[in-house]
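So the structure is just underneath, and the comments pick up after that.
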(Lines of atoms letter the chains of each structure in order from A and count residues from 1; the text may use other names and numbers.)
(Lines give C-alpha, C1' and ligand atoms only; values in the text may rest on other atoms or scores of the structure.)
Protein backbone atom coordinates (compact mmCIF):
# COMPACT_ATOMS: atom_id res chain seq x y z
CA UNK A 1 0.00 0.00 0.00
CA UNK A 2 2.93 2.26 -0.68
CA UNK A 3 0.96 4.41 -3.15
CA UNK A 4 -1.75 5.22 -0.61
CA UNK A 5 -2.56 8.88 -0.04
CA UNK A 6 -2.76 9.89 3.62
CA UNK A 7 -4.93 12.13 5.79
CA UNK A 8 -4.56 13.05 9.44
CA UNK A 9 -5.29 10.10 11.69
CA UNK A 10 -4.70 7.48 9.02
CA UNK A 11 -4.45 5.22 7.27
CA UNK A 12 -5.03 2.22 9.50
CA UNK A 13 -1.71 0.41 9.82
CA UNK A 14 -1.33 -2.73 7.66
CA UNK A 15 -0.85 -5.02 10.67
CA UNK A 16 -4.05 -3.69 12.28
CA UNK A 17 -5.93 -4.15 9.00
CA UNK A 18 -4.73 -7.76 8.74
CA UNK A 19 -5.90 -8.69 12.23
CA UNK A 20 -9.16 -6.75 11.85
CA UNK A 21 -10.06 -8.38 8.53
CA UNK A 22 -9.20 -11.85 9.85
CA UNK A 23 -11.64 -11.26 12.72
CA UNK A 24 -14.34 -10.10 10.28
CA UNK A 25 -14.34 -13.48 8.52
CA UNK A 26 -15.44 -12.04 5.18
CA UNK A 27 -16.92 -14.35 2.53
CA UNK A 28 -17.19 -13.95 -1.23
CA UNK A 29 -20.22 -11.82 -2.11
CA UNK A 30 -20.68 -10.33 1.37
CA UNK A 31 -22.07 -6.85 1.89
CA UNK A 32 -19.34 -5.01 3.78
CA UNK A 33 -19.53 -1.53 5.30
CA UNK A 34 -16.41 0.46 6.18
CA UNK A 35 -17.56 3.17 8.60
CA UNK A 36 -15.18 6.07 9.07
CA UNK A 37 -13.36 4.81 5.97
CA UNK A 38 -10.68 7.52 6.05
CA UNK A 39 -8.18 6.75 3.30
CA UNK A 40 -10.08 3.64 2.17
CA UNK A 41 -7.21 1.33 3.14
CA UNK A 42 -9.47 -1.22 4.88
CA UNK A 43 -11.85 -1.38 1.90
CA UNK A 44 -8.92 -1.80 -0.49
CA UNK A 45 -7.48 -4.71 1.49
CA UNK A 46 -10.91 -6.33 1.97
CA UNK A 47 -11.50 -6.22 -1.79
CA UNK A 48 -8.24 -8.14 -2.33
CA UNK A 49 -9.31 -10.90 0.08
CA UNK A 50 -12.74 -11.80 -1.28
CA UNK A 51 -14.46 -11.77 -4.64
CA UNK A 52 -17.70 -9.95 -5.31
CA UNK A 53 -17.83 -7.93 -2.10
CA UNK A 54 -20.45 -5.21 -2.10
CA UNK A 55 -18.53 -2.45 -0.33
CA UNK A 56 -19.96 0.72 1.19
CA UNK A 57 -17.20 3.08 2.37
CA UNK A 58 -18.67 5.89 4.48
CA UNK A 59 -17.08 8.94 6.07
CA UNK A 60 -18.37 12.31 7.29
CA UNK A 61 -15.17 14.17 6.42
CA UNK A 62 -14.85 15.69 2.95
CA UNK A 63 -11.07 15.29 3.06
CA UNK A 64 -11.47 11.57 3.76
CA UNK A 65 -13.94 11.08 0.90
CA UNK A 66 -11.64 12.89 -1.54
CA UNK A 67 -8.61 10.89 -0.38
CA UNK A 68 -10.45 7.55 -0.45
CA UNK A 69 -11.75 8.30 -3.97
CA UNK A 70 -8.20 8.93 -5.19
CA UNK A 71 -6.92 5.79 -3.46
CA UNK A 72 -9.74 3.67 -4.92
CA UNK A 73 -8.82 4.97 -8.37
CA UNK A 74 -5.11 4.26 -7.82
CA UNK A 75 -5.88 0.70 -6.69
CA UNK A 76 -8.54 0.26 -9.40
CA UNK A 77 -11.29 -0.47 -6.89
CA UNK A 78 -14.40 0.09 -8.97
CA UNK A 79 -17.15 -1.79 -7.15
CA UNK A 80 -17.20 0.40 -4.06
CA UNK A 81 -19.95 2.78 -3.04
CA UNK A 82 -18.20 5.79 -1.52
CA UNK A 83 -20.67 7.82 0.54
CA UNK A 84 -20.14 11.18 2.22
CA UNK A 85 -22.19 11.43 5.40
CA UNK A 86 -22.57 10.56 9.05
CA UNK A 87 -22.66 6.76 9.54
CA UNK A 88 -25.96 6.36 11.40
CA UNK A 89 -27.75 8.65 8.96
CA UNK A 90 -26.34 6.93 5.86
CA UNK A 91 -27.12 3.46 7.23
CA UNK A 92 -30.74 4.35 7.97
CA UNK A 93 -31.48 6.53 4.93
CA UNK A 94 -29.70 4.64 2.13
CA UNK A 95 -32.21 2.11 0.77
CA UNK A 96 -29.43 0.14 -0.96
CA UNK A 97 -27.97 -0.85 2.41
CA UNK A 98 -30.81 -3.12 3.50
CA UNK A 99 -28.71 -5.89 5.03
CA UNK A 100 -25.09 -6.06 6.12
CA UNK A 101 -22.90 -9.12 6.53
CA UNK A 102 -19.77 -7.51 7.98
CA UNK A 103 -18.87 -4.07 9.30
CA UNK A 104 -15.60 -2.38 10.11
CA UNK A 105 -15.80 0.71 12.30
CA UNK A 106 -12.67 2.81 12.11
CA UNK A 107 -14.32 5.89 13.48
CA UNK A 108 -17.78 7.14 14.31
CA UNK A 109 -19.20 9.75 16.62
CA UNK A 110 -22.20 7.82 17.94
CA UNK A 111 -21.06 4.24 18.39
CA UNK A 112 -24.11 3.06 20.38
CA UNK A 113 -26.60 4.14 17.72
CA UNK A 114 -24.44 2.71 14.93
CA UNK A 115 -24.21 -0.66 16.72
CA UNK A 116 -28.01 -0.77 17.08
CA UNK A 117 -28.48 -0.05 13.38
CA UNK A 118 -25.94 -2.69 12.36
CA UNK A 119 -27.68 -5.33 14.48
CA UNK A 120 -31.07 -4.30 13.04
CA UNK A 121 -29.60 -4.80 9.55
CA UNK A 122 -28.49 -8.33 10.44
CA UNK A 123 -24.73 -7.85 10.72
CA UNK A 124 -22.97 -11.17 11.30
CA UNK A 125 -19.50 -9.92 12.19
CA UNK A 126 -18.19 -6.51 13.15
CA UNK A 127 -14.87 -5.08 14.19
CA UNK A 128 -14.22 -1.76 15.87
CA UNK A 129 -10.76 -0.18 15.96
CA UNK A 130 -10.29 2.27 18.81
CA UNK A 131 -7.42 4.18 20.36
CA UNK A 132 -9.34 5.91 23.16
CA UNK A 133 -10.24 3.97 26.31
CA UNK A 134 -13.62 5.69 26.53
CA UNK A 135 -14.56 4.35 23.11
CA UNK A 136 -13.44 0.84 24.08
CA UNK A 137 -15.48 0.86 27.29
CA UNK A 138 -18.57 2.35 25.64
CA UNK A 139 -18.46 -0.10 22.73
CA UNK A 140 -17.87 -3.14 24.93
CA UNK A 141 -20.72 -2.21 27.30
CA UNK A 142 -23.15 -1.70 24.42
CA UNK A 143 -22.07 -4.89 22.68
CA UNK A 144 -22.44 -6.90 25.89
CA UNK A 145 -25.91 -5.43 26.45
CA UNK A 146 -26.83 -6.47 22.91
CA UNK A 147 -25.29 -9.97 23.35
CA UNK A 148 -22.93 -9.53 20.40
CA UNK A 149 -19.60 -9.05 22.21
CA UNK A 150 -17.04 -11.70 21.29
CA UNK A 151 -13.58 -10.43 22.27
CA UNK A 152 -11.28 -7.44 22.62
CA UNK A 153 -7.63 -7.36 21.62
CA UNK A 154 -4.88 -4.87 22.40
CA UNK A 155 -2.55 -4.76 19.41
CA UNK A 156 0.85 -3.20 19.82
CA UNK A 157 3.21 -3.25 16.85
CA UNK A 158 6.82 -2.14 16.71
CA UNK A 159 8.96 -1.81 13.60
CA UNK A 160 12.70 -2.28 13.43
CA UNK A 161 14.59 0.87 12.54
CA UNK A 162 18.33 1.39 12.10
CA UNK A 163 20.30 3.15 14.80
CA UNK A 164 24.10 3.37 14.93
CA UNK A 165 24.46 0.44 12.51
CA UNK A 166 22.15 -1.78 14.54
CA UNK A 167 18.39 -2.15 14.96
CA UNK A 168 16.01 -0.80 17.55
CA UNK A 169 12.25 -1.20 17.69
CA UNK A 170 10.07 1.87 17.36
CA UNK A 171 6.47 1.30 18.51
CA UNK A 172 3.32 2.42 16.74
CA UNK A 173 0.49 3.63 18.94
CA UNK A 174 -1.45 0.64 20.30
CA UNK A 175 -4.92 -0.10 18.93
CA UNK A 176 -7.83 -1.91 20.54
CA UNK A 177 -9.76 -4.27 18.30
CA UNK A 178 -13.25 -5.03 19.56
CA UNK A 179 -14.99 -7.96 17.89
CA UNK A 180 -18.72 -8.58 17.74
CA UNK A 181 -20.67 -11.45 16.26
CA UNK A 182 -24.35 -12.18 15.79
CA UNK A 183 -25.83 -14.76 18.15
CA UNK A 184 -25.78 -17.40 15.41
CA UNK A 185 -22.06 -16.80 14.85
CA UNK A 186 -21.26 -16.67 18.60
CA UNK A 187 -22.81 -20.12 19.03
CA UNK A 188 -20.75 -21.72 16.22
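Positions of Cβ are set from backbone N, Cα and C atoms, glycine also.
According to TrEMBL, the feature S-adenosyl-L-methionine binding site maps to 12, 36, 37, 38, 39, 40, 59. For residue 40 (S-adenosyl-L-methionine binding site), other Cβ atoms within 10 Å of its Cβ number 31.
For 27-109, the entry in TrEMBL reads domain 'Methyltransferase'.
Helix, strand and coil counts from DSSP across the domain 'Methyltransferase' (27-109) read 29 helix, 20 strand, 34 coil. DSSP gives residue 12 (S-adenosyl-L-methionine binding site) a coil state; it is part of no helix or strand.
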